[in-house]
Ligand SMILES: Cc1ncc(C[n+]2csc(CCOP(=O)(O)OP(=O)(O)O)c2C)c(N)n1
Ligand SMILES: CC(=O)[C@@H](O)[C@H](O)COP(=O)(O)O
Ligand SMILES: [Mg+2]
């Protein structure tokens with residue numbers, strides 16, 4: 001294709017593989033970067049997604065793909081939320097029509113999409129460890145012509161795992177790894193801590209002044225190049241070529257601007273449009289968000305509790321606003337700790353605070369607590385410390401794909417001795433259970449899902465500590481509902497009643513310990529069906545089955561929950577439907593189970 005033809009159709013349309021970048025000159029590269037920005041703003045305005053981070057990574061991604069030869073050279077994106085430009089340069093432009101939709105383009109690197117995508121877990125701070133492993137493998141195999149390139153943000157660099165990797169990478173000068181540090185000074189908010197301060201000082205130096213001057217990278221045995229203007233493709237390219245030629249572990253420090261080139265992102269004082277929902281591309285104004293969210297009720301309640309309780313402090317791992325702590329930070333700035341992307345440290349630091357007489361509330365996405373399981377077990381629970389973990393995004397999240405569903409916490413946490421776990425069904429219960437959790441003298445969890453809150457679901461009766469949400473004449477099935485699945489159970493009970501099946505719906509509020517009264521209530525039914533938004537394996541359903549066994553209640557227990565597999569990205573409602581977590585699907589399953597049980601019993605009753 002001639003360059004004239006390209007200019008008419010746009011340069012981006014002519015890029016179907018990284019090799020297509022080779023024929024572009026410096027002026028073309030500037031134009032290409034501008035086209036990419038326009039494309040990203042338009043695509044993300046329709047679907048929502050990670051905007052600010054990608055706008056900041058345009059030039060450095062182009063430069064990486066011009067200097068290195070993917071996929072023989074391994075290009076690894078830490079976290080992966082900033083890989084949209086990489087997707088565009090590796091032939092996936094058309095996929096952006098269906099970004100983050102079911103069967104459409106994933107919002108992260110995805111091996112099923114492209115040979116250029118290597119790692120895809122989207123939990124931060126892992127790329128340097130992968131890079132270390134790839135470098136070791138290349139060395140063992142004598143593949144000295146292959147390069148390993150890890151692109152890591154200044155936020156991801158605050159994770160402990162990144163430093164464990166640097167410690168290893170720096171110790172082996174004969175194993176080259178190119179670390180592209182994409183330093184925009186921010187995670188969501190400005191990146192927290194001494195590392196961020198030190199990077200800020202390095203940023204302040206003139207280009208190239210960093211080398212041979214004893215940066216902390218060099219002290220670990222890793223060469224340092226920079227700082228480089230991360231929006232100047234030729235400058236980044238030159239630094240990368242130098243890094244490649246050094247054949248040692250090296251950091252290329254690229255200074256970038258989150259949201260670069262799109263005023264509403266650059267000027268967003270809160271998060272530089274890190275991950276907006278759909279928005280007006282002209283103004284950057286997001287389409288109205290739901291008035292009341294689970295996160296919002298948590299944040300508002302915590303502020304009220306903290307007004308009465310000076311011992312309450314809050315901890316976030318680099319997710320102040322998304323975890324609902326913005327109001328707390330404004331009201332009690334001295335009682336709020338942003339520890340960086342450091343969930344393990346967040347938990348044990350909270351343990352220290354609790355030991356010293358405070359009641360920390362660690363607000364964290366359910367999926368990210370997975371990392372800190374040992375810290376919850378040993379550092380908090382073994383010491384019996386009063387720390388409350390507030391797990392937002394528990395259950396099905398959807399758009400962010402398999403790594404973001406909060407589907408493991410109940411399976412992991414039910415084994416922790418002394419840990420009490422609450423699953424509120426609505427806003428009123430969230431406020432009540434949070435209040436109870438922060439009043440406990442031992443560790444606790446309050447978990448709730450992503451998104452808008454439905455209307456409150458008042459109990460029609462109580463059975464001791466149990467809330468009964470629906471009761472019918474006769475007692476065929478007990479539907480045990482946890483958290484947001486209560487609304488599903490109430491709908492299922494209605495459908496069952498229309499089919500002549502009597503269903504009781506009960507919300508135990510606490511997943512652990514389960515109120516013992518549940519065993520007695522269950523014993524008056526023919527079937528127990530547990531509905532939860534956790535993995536079916538080891539989740540609340542297994543807890544209920546254990547309770548009944550321990551109380552000698554011999555009843556069939558069915559669990560409806562998230563299957564044990566990595567489900568693709570889709571809307572939350574689509575996934576709930578796929579998993580059978582709707583009123584209709586639960587009712588159909590329960591009716592079928594009762595029917596097959598009745599048939600089975602009749603067969604056994606027939607004379608042989
Ligand atoms: C273990 C873990 N904790 C939290 C997050 C949520 N998270 C996603 S991106 C991000 C900020 C990343 O900052 P940085 O690496 O500097 O990238 P930037 O968006 O600034 O380019 C955070 C906290 C995550 N993905 N993984
Ligand atoms: C990359 C990452 O982990 C976060 O940015 C995440 O995508 C945010 O999810 P929410 O949009 O649910 O806050
Ligand atoms: Mg950053």
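Each Cβ is built from the backbone N, Cα and C atoms, and glycine gets one as well.
Automatic prediction, not curation, is the source of TrEMBL annotations.
Within the same chain, residues at least 6 positions away in sequence whose Cβ sits under 8 Å from that of residue 343 (thiamine diphosphate binding site) are 317, 364, 368, 369, 371, 372. Annotation comment: TrEMBL describes 81, 122, 123, 124, 155, 156, 184, 262, 343 as thiamine diphosphate binding site.
Look at TrEMBL and you will find 154, 184 tagged as Mg(2+) binding site. Of all Cβ atoms in the protein chains displayed, 25 besides its own lie within 10 Å of the Cβ of residue 154 (Mg(2+) binding site). The secondary structure of residue 154 (Mg(2+) binding site), as reduced to three states from DSSP, is coil rather than helix or strand.
Over the domain 'Transketolase-like pyrimidine-binding' (292-456) the predicted model carries a mean pLDDT of 98. The domain 'Transketolase-like pyrimidine-binding' annotation in TrEMBL covers 292-456.
Residue density at residue 81 (thiamine diphosphate binding site): 24 other Cβ atoms are found within 10 A of its Cβ, drawing on all protein chains shown.
Highlighted here are the binding-site residues (123, 154, 155, 184) whose C-beta falls below 6 Å from ligand 3: 154, 155, 184, in sequence order. Largest Cα to Cα distance within the recorded thiamine diphosphate binders 81, 122, 123, 124, 155, 156, 184, 262, 343: about 32 Å as a whole number. Reduced to three states, the DSSP call for residue 123 (thiamine diphosphate binding site) is coil.
With a CB cut-off of under 6 A applied against ligand 2, the binding-site residues 81, 123, 154, 155, 184 are reduced to 81. Over all protein chains present, the Cβ of residue 184 (thiamine diphosphate binding site) has 26 other Cβ atoms lying within 10 Å.
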